[in-house]
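**Q** Just passing along the structure, written as C-alpha cells.
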Amino acid sequence: MNSGVRMVTRSRSRATRIASEGCREELAPREAAAEGRKSHRPVRHPRRTQKTHVAYEAANGEEGEDAEPLKVPVWEPQNWQQQLANIRIMRSKKDAPVDQLGAEHCYDASASPKVRRYQVLLSLMLSSQTKDQVTAGAMQRLRARGLTVESILQTDDDTLGRLIYPVGFWRNKVKYIKQTTAILQQRYEGDIPASVAELVALPGVGPKMAHLAMAVAWGTISGIAVDTHVHRIANRLRWTKKMTKTPEETRKNLEEWLPRVLWSEVNGLLVGFGQQICLPVHPRCQACLNKALCPAAQDL
C-alpha cells in the first residue's frame, strides 16, 4: 500500500516538473518509481538537426536574428573636395564685400546682447535682393538714430522708408520691419526668437535669414544659409543631385551630403566667391582655379 502511494506521488511530482519546465524534445532517463528498479522505457536519443540561416530584409523597422542593417550609399558630387579647396585659396584674402559688410559686421558691438540680436535680424531683412554695400549704408543710417525695438516702433513709415532706401523692395520691407518689430515686443520681450521655426514665422523673414540669424545672433548652426550666390554656384558645380530651382531646394540638397562641420563656412565662402569670380553674368572662368573641374565652365 505504501509503495503504491509513493508511485502516485512521484508520478504527480514528475508531471508537475515537466509542466513547469515547458516542452522539451526529450527527457533524461529516470529511475523507476518502484524501489530499486530501472525504467524499462527505451532511451530516446536527440535528433541531430542542422540550423538553416535565412537572410532576409527586415520589414516595418524590425530586424531579424541574422539580418544586417542595409547600407545606403550617400551621394556626393565628384571632385567637390578639390573644388572646395580651390575656392578657399581664391577666397584667402577675404576682401569680398561680404567679408566687411555682412550681417556680422552691421550691428553695434557696444549695444546689449538683445539689441545686437535685433540689429542682426534687421540687417538680414534689409539684405534680401540688395547688395551688401547698400544694406550697410541703410544700417548706418538706422543706427545713427538709435536702432532698437522701441525706436523703430516710434518711427513713422515715411521716415523709415527714407532711412532704408534704396534697398530692394524697400516699401515692402518698411511694412515687414514694423510688423516683425511689434511681434518681437509683444511675444519675445524685445528679443528675437531662438529657433528657425519661430524666425521664419515672422513677416519678411525667410529660411536663409533665419539660419544666418541663428548663426550670427545665437551662435547656433541650424542649417546652410543659401542665397542667390550659393544657389547659383552649387548648381554650376553640380553640388546638387539635379538642377534646383530655388535656394531652399538647394539647401536641402546640400545638407543631404555636405559634412555638417562645413555648414557654417560654406555660406560666406561661396557668397564672396560669387561676388568676385563666379559672377551671375559673365563669370571670370579664366581666373577660376576650378575651370578644369567645373561642369558649367565650358557653357559660360
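Cβ coordinates are placed from backbone N, Cα and C, and glycine is handled just like the others.
Just so it is clear, the model here is predicted, and its values are computed rather than measured.
I grabbed these lines from Swiss-Prot:
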TRANSIT   1-19  transit peptide
REGION    1-53  region 'Disordered'
COMPBIAS  22-37  compositional bias 'Basic and acidic residues'
COMPBIAS  38-51  compositional bias 'Basic residues'
DOMAIN    187-211  domain 'HhH'
ACT_SITE  LYS208  active site, nucleophile
SITE      ASP227  site 'Important for catalytic activity'
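Thinking about packing and proximity, how do these listed features fit into the structure?
**A** DSSP assignment over the domain 'HhH' (187-211) gives 11 helix, 0 strand, 14 coil.
Summarising the environment of LYS208 (active site, nucleophile), the number of other Cβ atoms within 10 Å of its Cβ, over all protein chains shown, is 24.
DSSP classifies ASP227 (site 'Important for catalytic activity') as coil under the three-state reduction. Sequence-distant contacts of ASP227 (site 'Important for catalytic activity'), defined by Cβ-Cβ distance under 8 angstroms and a gap of at least six in the same chain, are LYS208, PRO247, ASN267, VAL271.
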**Q** What is the pLDDT of the domain 'HhH' (187-211) when averaged and given as a whole number?
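**A** That region's mean pLDDT is 98.
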